[in-house]
Amino acid sequence: MDSLDTNRLSVNVSTGRVVLMPRIGYTIIAIIMAISCTLSVILNTTVIAVTIKYRQLRQPINYSLVNLAIADLGAALLGGTLNVETNAVGYYNLGRVGCVTEGFSMAFFGIVALCTIAVIAIDRAIVIGKPMGTLTFTTRKAMIGVAASWVWSLVWNTPPLFGWGGYQMEGVMTSCAPDWYNSDPINVSYIVCYFLFCFTIPFAAILVSYGYLLWTLLGVAQRGSTTKAEAQVSRMVIVMVMAFLICWLPYATFALVVVGNPQIYINPIIATIPMYLAKSSTFYNPIIYIFMNKQVKYSIMLWWVCPRIALKLPAVCAELFSMLPPCG
């Protein structure tokens, strides 16, 4: 990449590869990514499975949350696992096909997740704020939002596969992403459109809905005009939005700086931090979802714990089951 100053790098004389940081650094990243991917697979699979098992959880908001779990699971399996491999060996050993596969997977599932977060934030703003009177967020609307997130991401992440834009290594050269550094006019035109339609618009929708939701929750808390369950879910969504922004905004800012000045030198190790912070988003969403949504938490306990204690403590299982919402 043009942005790398070769005078600041060393070369491994046995392999001829550029060394961007000590070998232990790659090992640490590999361990962190392995833990992240493992948690992501376990937690997101649990969220998906428990929602399928219990009909009571199939509510409009939960369709979007399951969609988020599917996107996070896809990113962990098709992108995160490749990162574990490349960092474990200390260089990108998967070739051009591996780079494109990882770059596409992380970008594709990442934008699906971002769009889904936007849909969830809009859902909460509509349900709690009721800005359009009696308009409700139905299952049909939720499914339309889910489908739109996949189509939108597919539309904007496939062009690099056909020559408009591209995927290249970044950071310490063990991960691939959209080619932020290439100053070719065709590539720049793609990156500008990508930022506008895949970051700016969803972020704007999230921030507007998030601000409106916060303002509304403060009002309804004083008036007591919303149910406890609605307020609980809305608080969960606010935490999810905040966590998503904390993880993704640094990387989006970094990419924007590089696009605006492709010749800028950014220490590869520094550039790697926001990149892997963004990748960590695949496992924290289900943690927030499970621990801040009592219905999901009780369902998981009912599924995992009750088969082991049902004979000894049947009353506990009966109480857990009674805490689930009625089928609808």
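Note that the numbers count up from 1, one per residue, in the order the chain is shown.
Backbone N, Cα and C atoms are what each Cβ position is placed from, and that goes for glycine too.
Positions annotated as domain 'G-protein coupled receptors family 1 profile' by TrEMBL: 43-289.
Under 8 Å from some Cβ of the transmembrane segment (24-52) lie the Cβ atoms of residues 58, 62, 65-66, 69-70, 72-73, 75-77, 80-81, 83-84, 87-90, 172, 174, 269, 272, 276, 279-280, 282-283, 285-287, 289-290, 296, 299-300, 303, all in the same chain and six or more residues away from its ends. The transmembrane segment annotation in TrEMBL covers 24-52 (among others).
Under the heading transmembrane segment, TrEMBL lists 64-84 (among others).
According to TrEMBL, the feature transmembrane segment maps to 104-122 (among others). Away from its own ends, the transmembrane segment (104-122) comes close to residues 61, 64-65, 67-68, 71-72, 74-75, 78-79, 82, 142, 145-146, 148-150, 152-154, 156-158, 160-161, 167, 176-178, 198-199, 202-203, 205-206, 209-210, 213, 237, 240-241, 244, 248, 278-279, 281, 285 of its chain (Cβ-Cβ under 8 Å, at least six residues beyond either end).
Annotated transmembrane segment per TrEMBL: 142-159 (among others), in sequence order.
Marked as transmembrane segment by TrEMBL: 188-215 (among others).
Per TrEMBL, the feature transmembrane segment maps to 236-259 (among others). For the transmembrane segment (236-259), the residues of the chain that approach it from at least six positions outside its boundaries are 3, 110, 113-114, 117, 120-121, 123-124, 177-178, 180-181, 188, 191-192, 195, 199, 203, 206, 210, 213-214, 217, 266, 271, 273-275, 277-278, 280-281, 284-285, 288-289, 292-293, judged by C-beta separation under 8 angstroms.
The transmembrane segment annotation in TrEMBL covers 265-291 (among others). Sequence-remote contacts of a segment are chain residues at least 6 beyond its ends whose Cβ falls under 8 Å from one of its Cβ atoms, and for the transmembrane segment (265-291) they are 3-5, 8, 20-21, 25, 29, 32-33, 36-37, 39-40, 43-44, 46-47, 65, 68-69, 72-73, 75-76, 79-80, 83, 106, 110, 113, 170-173, 175, 177, 236, 239-240, 243-244, 247-248, 250-251, 253-254, 257-258, 297, 300.
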